[in-house]
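One structure is given below, represented as structure tokens, and several questions about it will come after.
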Number of protein chains: 2
Amino acid sequence: MQALNDLLAFQKDTEALAQVSGRLSWDQETMMPRGAGHQRGEETAALESVLHARRTDPRLGDWLAACEGQEMSQADAAKLRLIRRSYERSVKIPERLAVELARVTSLAQGQWAEAREKDDFAAFAPVLSRVIALRQEEGAALAGEGTPYDALIADYEPGTTAAELGAIFDAMRPRLVDLRARVLEKPAPKGAEGSFDEAAQMALTREIALAFGYDLNRGRIDKAVHPFSSGSGDDVRITTRTNPEDPFNSLYSTIHETGHACYEQNIDRSYALSPLGQGVSMGVHESQSRIYENQLGRSRAFTGWLFDRFRRAYGDFGIDTPEAFYAAVNRVQKDFIRTEADELQYNLHIMLRFDLEQQLIGGTLQVGDLEEAWNTRFAADFGYAVPKPSLGCLQDVHWSLGLFGYFPTYALGNVYAGCLHEALRADLPDLDASLAQGITTPATDWLRDNLQRHGGLREPRDTITHACGKAPDAEPLLRYIETKFSEIYYL
Amino acid sequence: MQALNDLLAFQKDTEALAQVSGRLSWDQETMMPRGAGHQRGEETAALESVLHARRTDPRLGDWLAACEGQEMSQADAAKLRLIRRSYERSVKIPERLAVELARVTSLAQGQWAEAREKDDFAAFAPVLSRVIALRQEEGAALAGEGTPYDALIADYEPGTTAAELGAIFDAMRPRLVDLRARVLEKPAPKGAEGSFDEAAQMALTREIALAFGYDLNRGRIDKAVHPFSSGSGDDVRITTRTNPEDPFNSLYSTIHETGHACYEQNIDRSYALSPLGQGVSMGVHESQSRIYENQLGRSRAFTGWLFDRFRRAYGDFGIDTPEAFYAAVNRVQKDFIRTEADELQYNLHIMLRFDLEQQLIGGTLQVGDLEEAWNTRFAADFGYAVPKPSLGCLQDVHWSLGLFGYFPTYALGNVYAGCLHEALRADLPDLDASLAQGITTPATDWLRDNLQRHGGLREPRDTITHACGKAPDAEPLLRYIETKFSEIYYL
């Protein structure tokens with residue numbers, strides 16, 4: 001038992017330091033003085049170096065070996081499984097590679113921002129090639145029996161493979177492409193009109209976050225350029241942004257981040273500062289943010305209540321009925337940008353990236369050919385041409401950061417959200433009556449009790465299976481999307 | 001050279017982690033959600049444990065030994081001197097004692113706040129006794145040839161002793177007690193009247209901080225319960241508070257913190273994240289905050305400009321002439337609280353604490369007798385009785401935190417400020433003409449060039465000697481105080 005206690009005590013400090021690192025990132029995006037960037041780089045690097053040393057500390061191996069075969073609780077066994085995975089992974093990556101990756105991606109992020117600004121993919125291509133070479137090397141070091149790309153996916157979504165994801169996506173793609181084409185033949189619903197006071201938007205944002213169960217006693221809401229959620233346990237902060245011409249952006253990005261934040265806040269308190277004390281994977285995390293944002297927040301019942309709330313907050317804003325409001329927040333438009341995509345088109349954006357990044361890491365697509373490959377695929381799935389790279393292959397920061405294997409978890413999160421939504425609707429036949437009054441508690445309580453509180457106790461896929469009572473698949477999401485948009489667009 | 005490079009690289013990461021720790025404290029006082037306190041305790045403890053391990057890392061001893069006798073720059077030699085001092089000090093303190101001190105002072109801080117709230121010294125006495133016992137043990141472990149109390153002083157003001165400080169203070173005390181008695185026989189100047197808009201106070205606060213040279217590109221100003229300055233180098237933040245009935249409190253506490261912050265911001269950039277990259281001692285730090293606040297900010301010339309600024313900001317506020325304004329911001333009142341004391345009485349508050357804490361650590365005063373000893377001494381120096389412990393021995397947080405040896409650096413800072421003021425006035429005969437226009441640059445540039453930029457290059461006392469061209473003593477401060485208050489009070 002001594003080894004187990006020592007291991008868990010050591011891990012607790014590592015988790016606490018990881019929280020400190022998260023707090024630093026939050027500060028950097030919200031509070032840090034502009035001129036402090038260089039110094040912050042040094043501070044972050046020092047902390048990351050401490051974390052790396054702890055994650056590869058040889059004592060971890062000794063403790064893990066000493067715990068082998070011991071009787072222990074389900075929670076402790078899960079903690080050990082996650083510590084072992086992290087340790088075995090970390091020691092496979094040479095420190096030189098880790099340092100080089102940190103250095104090159106930090107450089108690449110700046111060059112990406114500049115290239116996007118100037119709409120010049122060629123300016124970004126050389127550093128992207130270096131990022132890819134380093135991640136290929138990392139993937140190869142980690143690969144074991146799978147492919148390098150599978151090894152990278154495991155960073156974000158342990159227990160799945162490109163083959164599994166590809167099979168899911170291949171089944172979805174033709175149905176979404178088809179539905180998209182039929183929807184876009186119809187007239188587009190009217191959007192909101194006028195100017196929307198930013199203080200009123202922030203006030204509404206706060207009210208809605210609370211309505212979805214966000215605990216402000218253990219969190220806070222600030223403005224930032226990009227909305228995000230940060231931290232675990234008792235300190236989970238979210239950010240939002242406001243746009244005076246678009247009241248929906250701040251609202252729905254806040255509901256999205258509230259979903260992420262509530263997942264973290266609702267994890268069993270006894271798991272705090274242990275490997276179980278965070279959301280189990282990116283895909284499961286995204287399932288929470290998306291179900292809050294879409295299946296709940298963009299439902300007909302909830303938007304009925306929201307329409308009334310909007311009228312009180314903004315007066316006349318160019319939309320006259322709850323039904324028109326419902327159509328407006330679910331409007332499908334010809335557009336290029338993933339982060340602004342509706343529920344129908346979003347997954348098509350992901351599949352495009354998934355296929356291309358798999359080829360990039362696999363070496364079957366060269367960076368020099370990426371822009372053309374992107375544009376060709378976009379035209380095939382969306383039906384029109386990308387006019388410039390800032391609306392195409394330069395739109396996302398992810399690849400500059402080396403985040404290959406991350407994109408598919410967004411679509412997987414949607415698939416999971418579809419399953420969870422089907423299951424909770426079956427358990428809560430009267431949910432719409434609550435949502436129509438702005439009350440989300442039956443749904444958010446269901447998610448807390450069946451999924452969120454368990455944190456990292458089970459593997460990602462098992463987490464969904466446990467909550468839904470059956471294994472996840474894409475059918476519920478597809479049915480939900482097809483039904484919803486067929487109704488809104490009178491197909 | 002390899003040992004020197006390795007040592008300085010290692011130390012750079014330690015300094016960067018210490019900055020992270022400072023950022024966490026700032027967050028805790030300004031931004032942290034209320035419910036995150038317990039978790040933050042774990043995060044802070046994990047980071048402190050990393051810092052403790054680095055400060056006692058045996059490699060430091062090896063590197064220091066390998067560097068012995070090598071040729072190196074003045075700056076590198078100073079860095080090594082400071083690293084050696086920190087290392088030799090840290091390894092003398094058993095880890096058990098360090099952990100116990102952290103645990104007991106964290107407990108004591110809460111009990112102190114409660115006892116002060118309830119005006120019940122007896123409720124605080126037991127935990128204070130434990131804090132004192134631990135600090136006595138620490139002092140004994142560190143003492144070497146000096147006394148345990150001297151060893152504790154060295155934490156805050158290396159190179160001085162209780163005997164030296166006592167000699168300075170003994171020379172000051174009778175002159176201040178006498179002046180104080182004569183001043184308080186005179187009618188008190190009128191204070192500000194009315195209600196002072198908090199947004200206007202914050203705006204003025206910002207303007208004045210900038211006027212004293214604070215660089216907002218490398219800092220920020222927030223509200224907090226207690227004003228403080230935090231961080232070094234490119235990320236130096238200050239806080240302030242506003243009181244709708246008192247426009248002077250937020251103003252002068254901001255100028256005070258600006259003094260601390262400008263010292264940090266003005267240190268030679270090449271010293272960043274090295275042992276030279278922070279203010280050299282508490283006393284020298286306090287000399288900067290006090291000279292900004294008092295010798296400059298409360299000068300007749302500067303308050304003449306400030307009076308005009310106040311009229312524009314607040315309209316009629318019950319003070320009609322620059323001379324009455326000057327008297328108001330320098331008003332001497334019968335009061336009990338150190339932090340609100342004027343320049344004349346402030347040092348008497350410190351001397352009282354210095355004498356009592358020396359006896360507490362020396363074992364000649366028991367905690368059970370502290371309240372009576374405080375009240376007796378207060379009556380002797382101030383001429384009236386302390387009505388309750390929250391206005392007496394429970395007013396300061398310091399002892400609950402174990403900060404014995406810290407108080408005297410406040411008065412030493414005033415003595416240093418007196419010396420620096422004398423020297424800069426000699427170099428800048430026309431300073432008042434600038435101050436009368438709200439321009440502090442000649443004085444703040446002088447302080448930057450002669451003192452601030454050098455950071456930790458020289459020992460504290462040598463830092464003052466270098467700036468002033470002669471060794472510090474209390475005469476300049478006493479002359480300044482006697483002249484100023486004799487004039488204001490027509491003695």
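Just so you know, glycine gets a Cβ as well, placed from its N, Cα and C.
Quick paste from TrEMBL:
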type     : residues                     : note
BINDING  : B:HIS256, B:HIS260, B:GLU286 : Zn(2+) binding site
ACT_SITE : B:GLU257                     : active site, proton donor/acceptor
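Give me the structural setting of these features: burial, nearby parts and distances.
According to DSSP, B:HIS260 (Zn(2+) binding site) is assigned to a helical segment.
In sequence order, B:PRO227, B:PHE228, B:SER229, B:ILE238, B:THR239, B:THR240, B:SER289 make up the list of same-chain residues 6 or more apart from B:GLU257 (active site, proton donor/acceptor) whose Cβ falls under 8 Å from its Cβ.
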So what sits near B:HIS256 (Zn(2+) binding site) in its own chain, CB-to-CB under 8 Å and at least six residues off in sequence?
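Correct list: B:PRO227, B:SER289, B:ARG290, B:TYR292, B:GLU293.
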Other than B:HIS256, B:HIS260, B:GLU286, which residues of the same chain sit close to Zn(2+)? List them in sequence order, counting a residue when its Cβ is within 8 Å of the Cβ centroid of the site.
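Sorted by sequence, the hits are B:SER229, B:GLU257, B:GLY259, B:HIS285, B:GLN288, B:SER289, B:ARG290, B:TYR292, B:GLU293, B:GLY413.
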Non-local Cβ contacts of B:GLU286 (Zn(2+) binding site) (under 8 Å, 6 or more apart, same chain)?
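Looking at Cβ-Cβ distances below 8 Å from B:GLU286 (Zn(2+) binding site), excluding near sequence neighbours, one finds B:THR409, B:TYR410, B:LEU412, B:GLY413, B:ASN414, B:TYR416, B:ALA417.
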What is the number of other Cβ atoms found within 10 Å of the Cβ of B:HIS260 (Zn(2+) binding site)?
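Around B:HIS260 (Zn(2+) binding site), other Cβ atoms within 10 Å: 23.
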